[in-house]
Amino acid sequence: MSEIGSSVPVNENRPLLTEDEVEAQANSSTVWPLSRIRVARCEWKLWGSLAFIFGASAYIYSFSRVMKDSFVLSRQLPIAISFLKTCFVLPISVIVTGIVQKLLVTRTISKVFDYTLIAFSFLYLLIGMVLLPFAEKIQPGLYFSRDIFADDKMAYKGFEFLFAIFLIFNEWTTSFVYVCAELFGSLVVQFMFLAFANEALTIRQSTRMMPLFYVISNILLLLSSESTSFYSKKVREWDYKKTCLITNSFFAVFGAMIAVTYLVKKYAENTILKKQLFIRTEGVAKKKGRKSSAGFSESMKLMAQSKFLVAMVMNALFYYAGTNLIESSWKNGISVAADANNMEKRAYSASIVSGEQRVVGALVAIILLTPISTLVQTHGWITMAIVPPLVTLVSSLVIFGSAFFNYSNYPEGKTSVILSSLVKGYKPNFYLECNIGIYCVSGMKIAKYAFYDISKEAISLQIDPLYRPRLKAVYDGLCGKLGKSIGSLYAMFWSVMGYNDVRAAAPITLGMWLIISPIWIYSVIYLNRKYNQSIQTSSPIDLDLFSGKKDLE
């Protein structure tokens with residue numbers, strides 16, 4: 001794949017603009033919102049193709065994410081989500097990431113992206129046309145596991161926590177849907193596209209276009225929320241057979257959409273990226289070095305060498321772990337609220353979660369079309385980086401506080417791990433936990449897409465290009481999965497202790513988060529200091545090695 005600004009024969013009849021002239025053209029508009037859509041005329045086809053790839057992938061992931069959650073909540077136990085994330089998603093992700101890293105040693109990111117899109121197109125078609133339609137024939141009977149654990153037969157033996165695990169295998173087709181959707185999000189949306197775009201675009205193009213990619217993806221996230229909202233309403237009208245038929249068809253359509261995405265990518269490579277769009281006047285000095293892989297052991301070695309990397313890892317781990325803990329508690333609350341309101345769990349869950357997607361999609365798109373998207377350049381890196389820890393702190397107070405109050409009051413007879421006597425005997429407030437909780441969970445996702453991701457990419461661009469891929473593999477690739485798994489392991493611990501609802505430990509979880517928040521904020525302040533030093537000296541960011549050396553081994 002040719003880089004946009006590479007030296008290729010130029011058509012003398014159509015003089016090319018220089019990179020500076022393209023930048024000036026892209027930034028020439030002064031009327032909002034055109035002033036925020038900073039794309040030059042010669043870049044529109046390229047931007048449109050990349051935006052379609054990212055937007056379509058984001059739509060597929062956001063819709064299938066709602067579907068996978070509603071499947072698990074309706075056919076399994078809420079705690080099963082934690083087991084799936086830790087015991088299935090994490091190890092499979094590590095294996096797949098290792099395979100990807102091995103492939104990248106001998107193949108380009110473009111080729112690996114091709115393989116990934118083809119594989120997921122096949123998997124989604126398989127889900128929609130085979131696994132779900134024939135689920136009753138290829139998996140154990142519906143009541144196989146439920147009969148084993150009926151009437152608390154296993155409770156007195158201390159094996160009640162195994163119910164969730166039995167259901168995961170009993171309903172293995174829905175478990176497969178969950179794992180497949182999670183992998184699609186982490187591989188295609190969060191890693192492959194961004195890596196492909198970084199190769200296709202110059203740094204200055206990336207700075208302008210990346211916020212716009214997130215605008216498009218969040219507009220489609222808004223469309224996804226409307227789709228899931230419409231679906232949840234229709235489920236109440238359709239009979240079981242029609243519901244299954246339409247639900248299965250969604251995944252078949254997604255498989256076809258991924259195939260179209262692959263074709264658009266090939267079009268961009270074969271017709272747009274092979275042509276020179278402008279004459280580069282600013283390049284990135286690339287040091288020569290061996291192409292490195294970053295497996296788990298290599299990642300740990302890297303982290304042990306650099307204080308900077310430790311801070312980046314903490315920043316990622318705390319965000320993903322906090323999001324997982326808060327969202328798990330919130331989704332458990334949704335499941336309990338559905339019972340309290342005598343509503344079908346899948347429809348109730350889809351209606352609530354689609355509301356969350358609606359808020360996130362609209363607000364992120366608006367925020368990224370305002371000067372907020374350039375806060376790093378205008379007001380400093382910390383103005384964006386500090387938002388996620390503050391939003392997560394507020395969300396933890398609301399979600400864990402309401403979960404603590406509601407858990408001990410519905411259903412009757414339940415008591416939380418500690419302090420249940422303080423709130424026992426009151427009427428549960430599911431409106432606060434579920435409906436107001438939407439805004440807390442939405443706030444954390446807005447903080448990620450509009451603040452965390454932008455600030456992370458900004459500081460990543462200051463890392464020496466020789467080390468950047470290795471370091472990003474740690475805090476971008478590995479830590480997202482580890483952070484989610486930490487939250488899931490926490491929920492699993494309480495399940496083993498006899499609490500299948502993580503909300504039972506809400507006061508303990510809140511106390512832990514009040515300790516973690518200051519540490520997270522301190523790590524952001526440290527990273528801001530390193531970023532500012534790099535900008536002021538116009539040099540790669542100081543990795544601040546524990547050994548005092550200047551270079552990684």
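Glycine is treated like the rest: Cβ placed from N, Cα and C.
Transmembrane segment is the annotation Swiss-Prot gives to one range among 210-230, 420-440, and that range is 210-230. ASN406 (N-linked glycosylation site) is surrounded by 26 other CB atoms, counting those within 10 A of its CB over all protein chains shown. Among the recorded stretches 176-196, 210-230, 244-264, 308-328, the one sharing the largest number of Cβ pairs closer than 8 Å with the transmembrane segment (385-405) is 308-328. All protein chains shown were included, and the count of other CB atoms within 10 Å of the CB of ASN27 (N-linked glycosylation site) stands at 12.
Across the structure, ASN27 (N-linked glycosylation site) and ASN406 (N-linked glycosylation site) are spaced 52 Å apart at their Cα atoms. Only sequence-distant pairs (6 or more apart) were considered; of these, fewer than three Cβ pairs between the transmembrane segment (79-99) and the transmembrane segment (244-264) are under 8 A, so the stretches are not in contact. Segment contact holds for the transmembrane segment (507-527) and the transmembrane segment (308-328), given three or more CB pairs below 8 angstroms at sequence separation of 6 or more.
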